[in-house]
Amino acid sequence: MSEFNQLNLVSSLRTAIQQAGFQAPTPIQSQAIPHLLDGHDLLGIAQTGTGKTAAFVLPILNRLISQPRRPRAGETTVLILTPTRELASQIGATIEAFSATLPIRHTVIFGGVGQYLQAKAMSRGVHILVATPGRLLDLINQGIVRLASLQVFVLDEADRMLDMGFIHDIRRVIALLPADRQTLLFSATMPPEVEELTKGILRDPVRVEVTPQSTTVEKVDQKVLFVNKENKRALLKKILEQQDIQRALVFTRTKHGADRVTEHLEKNAIPAMAIHGNKSQSAREKSLELFRNGEVRVLVATDIAARGIDVAHISHVINFDLPNEPESYVHRIGRTARAGNDGQAISFCDASESPYLRDIERIIRQKVPVDRDHRYHCEIAAGMFPEPQRGPSSARRQAPTPTRSAAPAKGRRPPPVVARHAEQTARPQGQRNKAPRVSGG
Ligand code: ADP
Ligand code: MG
């Protein structure tokens, strides 16, 4: 008996949940859904991978089924705002999965593609509109989308939205919403700007905060393999030939590196696809689709391209190159231990990358076990690893800038949470989604 049955959802949804293969609700789901069904506003604070999408999609669908209503032309009953088109598409896919057999219309709109089909979908009106802020405002200004009859507003990834410079767009959208509505705001972190935003838009909200037990680095089985740079591709091939690797996300530092690794695997009869900023939107979506449905079990990505991609059940994350920002490591390996699954992270480290490994071990506050049991092991690098502790040992820290040395010591941070602040590194400030381009590199 699944705990989902205790959530008071209509039976058609319970069937859909079962078909989606969800056995039990995640903590944010079991805590948020009852309040949302009661019509409360909600402030949901939970990290990436904790199952926020179903936490809002299920009660929304429940409401739409129990109070059926024909949307009017150009209007929507529910608006879900999210920062990137990848996230918008994923939310759309979740809605699709849970509502496939229900008389509920939804559509997804984002920038960077033609607006014709989006306008066409809106012309009949929808029950649920998933949108990125820039394109939404475009369509509103053209009179294609109207928010007059909206009942539920969801702001997803609020911290990231503000980070990407969407605050003014968000405020513009909010100004157009009917005052009498249910509002949900989700955020991984609560910086003061988000706190401020919640004050203006939430009415007496229930606050649900989920501690990310299942997504800490401890959940991931990590190891590092020392290898000479020139042997990395051969080592990767050897590893990927093992059958227990169901779905592997391979990270390279550069776009060019991602292409070269992919070509090498393809040449060796290991189907793989690369995803990075030089690929077109449709190529990226195609690769993701093949990876998601299991036709291709290896996806090679750069950090920025991988951001926001949500694929369940990645069994392995392989760091072909170690990232020079240690936070990226935390973010990368978090891809494999989502929603309670365990995962494995395998990192290649050549001699030039040893400072990066030391930085990583410092922020995760543990040593990554070395696996010497492979044919390309090179002991040269091993001697370069003293206990990861104080001292200006890394390349990055040899020339500290005044601001950097004035910053609080890294060692005093709490143990990191996978995929938390990492998402914010290297993101261009003020980026708009008029032409959102993932610029892998
Ligand atoms: P978030 O928005 O918090 O980052 P998502 O909603 O994208 O997280 O969910 C992360 C992954 O967990 C998705 O692949 C989703 O299908 C899966 N998932 C969500 N809820 C459950 C559940 N109750 N049982 C199993 N898997 C789930
Ligand atoms: Mg999400």
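Keep in mind that glycine also has a Cβ here, set from the backbone N, Cα and C atoms.
Curation does not apply to TrEMBL; its annotations are automatic.
Marked as compositional bias 'Polar residues' by TrEMBL: 391-404. Look at TrEMBL and you will find 2-30 tagged as domain 'DEAD-box RNA helicase Q'. Sequence annotations record features per position, and here TrEMBL assigns domain 'Helicase ATP-binding' to 33-208. Under the heading domain 'Helicase C-terminal', TrEMBL lists 219-384. Under the heading region 'Disordered', TrEMBL lists 382-441. Per TrEMBL, motif 'Q motif' is recorded for 2-30.
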Which residues of the same chain, at least 6 past either end of the motif 'Q motif' (2-30), have a Cβ under 8 Å from a Cβ in it?
37, 44, 46, 50-52, 54-55, 58-59, 61-62, 65-66, 97-102, 208, 210, 339-340
On average, residues of the domain 'Helicase ATP-binding' (33-208) score a pLDDT of 94
Per DSSP, how many helix, strand and coil residues does the domain 'DEAD-box RNA helicase Q' (2-30) have?
18 helix, 0 strand, 11 coil
